């Protein structure tokens, strides 16, 4: 786990393995480079010619680009790491940093990843205020992440190096309350987000509904969160037909986990619901061969909800947050749900199963109705729900649907504020008819075109009347199969954790409805 601290030490005198500085493209449109604020002392060590040296080495200032060079004479750190911030703002040198927060976050992440194996690195990136310090710290801690639980000696096999051990932020104010709070927030959120990443990356032979529930129970106990776990017996008694139906084919029984964080000062109540399919084979409607090893990530929504609730507790937010983890393994067997079966859901509605690979909406439906019974001020569900959303938005954006346009906008804006890319999506009423069933109240499939929207319409059927609700389909960005970028690693990303935490913060502050 990477440590994060603030320091007022001079860059030249700090004992570290490296000093990280920012470099940007000239705002004038030419090919020149600009050394970003925060690196003045380092630039002085090169007699004011750091930009020229970097240009000679081929640096362009592009976002996330990393260039290493020997530190100036007299510096106690042997290496300078210059990381690209993209285009420099016109007022970047005169009026604060003016650099986009996400550019700072991604730059810090890229630098931290490039420094794997180092024990300590000083980050001299632009810090105009406490928010910048928190942003840079967040990016560095996320970028330093490495999943090495299954590697010999706990080291990443690709480079044989352990993650960067300590990040020291220069340019901040260690005794200032705002700076301290920003760093503490960054640590709490990133540690829980990285825990979500660990869960997503854990092989399905080790992570199943029961073991996931055990992880949630342990974390709840540690952070004073009330937890309730419904096993198969309790789910059967309660009539949770959706969760039971999806888990029917697996030797690992399903679970519904309820995490309740409460604040004595809370005036609002949020409910987060996460899809937790610990492995999705498709069931009887078996998935074709190819990339099935990534289907361990189908519990990313539940991991995000779990992490967000724990982060809210660690931050002591003045809002009640309930997390619902709908956990099941979708496997084919002689006891599995078949296409054509009818399930009676927790809400009392019946669902004709036309495709057992449309299982996420079934477990979510039960959890959404359970969440609705408590009449929260709003419900947000998170799920790797449809390939259709990936076709629509690609691998880096998640779709946002809601039964209230203003709330949908608020969710999209919260995501943008924390650097998560999303896009508002509609719930077209004409697509609802495609889910009509001659046998049951509704079918779990509808028209093929607009499949992500159909799934959202299905979920809406299980939200209590009068309750504000949003659905986040994170199928694209939840698991990165490409090369790492910015602070995003290969594998589980922890998408939506920061959005959920921000929604909780806004609600606590009275700025979200």
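Any Cβ shown, glycine's included, is placed from N, Cα and C.
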Task: Binding-site annotation, Swiss-Prot, Mn(2+) 2: partner of 275, 280, 359 in 298, 366 - done: 298
Open item on the list: Most Cβ neighbours within 10 Å: which of the recorded positions 275, 287, 361 is it?
Closed with: 275
Open item on the list: Among 280, 357, 359, the binding-site residues in question, whose Cβ has the most other Cβ atoms within 10 Å in this structure?
Closed with: 359
Task: Minimum Cα separation from residue 275 (Mn(2+) 2 binding site), reported as the residue among recorded positions 287, 357, 361 that achieves it - done: 361
Task: Cβ contacts of residue 298 (Mn(2+) 2 binding site) (under 8 Å, same chain, 6 or more positions away) - done: 275, 277, 278, 279, 280, 330, 360, 384
Task: Residues close to Mn(2+) 1 site centre defined by 280, 357, 359, Cβ within 8 Å - done: 246, 277, 281, 282, 283, 285, 287, 298, 330, 356, 358, 360
TODO: State the Cα to Cα distance, in Å, between residue 359 (Mn(2+) 2 binding site) and residue 287 (active site), rounded to an integer.
DONE: 12
